[in-house]
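What TrEMBL records for 1-112 is domain 'MHC class II-associated invariant chain/CLIP MHC II-interacting'. Residues or ranges marked as domain 'MHC class II-associated invariant chain trimerisation' in TrEMBL: 120-188. Annotated region 'Disordered' per TrEMBL: 1-25, in sequence order. Per TrEMBL, the feature transmembrane segment maps to 33-56.
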Amino acid sequence: MEDQRDLISNHEQLPILGQRPREQESKCSRGTLYTGFSVLVALLLAGQATTAYFLYQQQGRLDKLTVTSQNLQLENLRMKLPKPPKPVSQLRMATPLLMQALPMEGLRQGPKQNATKYGNMTQDHVMHLLLKSNPLKVYPQLKGSFPENLKHLKSTMDNLDWKVFENWLHQWLLFEMSKNSLEEKPTEAPTR
């Protein structure tokens, strides 16, 4: 009998299936649920912050690689450009070879210019300097208008030389534009 009484009293203390648990237990489980949810949200935010940090670091590395790649490409292009010929004084040649008459193809057949007669124009000084470094170089006679001369040069030059010349023209134009902007003087306000 006592066992039955103990079972009945224990049965009264235990909740029956289908009944609602007591209020204290309900609050405790809600608090646990909120705590668990808060921890989950905090972990998600920490994961996103970590991902953003690593992406930012990778973007910096990609930017450095891009700049390095561009510098290498520019250096490669510079290496492909034709190098200026060495002056005759730096070339090593055997003495008997210098005394022989060399056949020169591509040179115009006609009376040679007197290289000592130059005017006082900038063009003349530049021509003298260029012929001094390479006396075998032939320069075309350009007697047309400026656009005609440029068309003639483009048709006679190979593609790489023309691209180098266009690049030089671009830089020269920028130089002239900056020089003109320095020469302009600010206008003063008229006096009353």
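Indices start at 1 and increase along the chain as displayed.
Glycine is treated like the rest: Cβ placed from N, Cα and C.
Residues of the same chain that lie 6 or more positions beyond the ends of the transmembrane segment (33-56) place no CB under 8 Å from a CB of it. DSSP places the residues of the domain 'MHC class II-associated invariant chain trimerisation' (120-188) in helix, strand and coil in these numbers: 48 helix, 0 strand, 21 coil. In this model, the domain 'MHC class II-associated invariant chain trimerisation' (120-188) carries an average pLDDT of 82.
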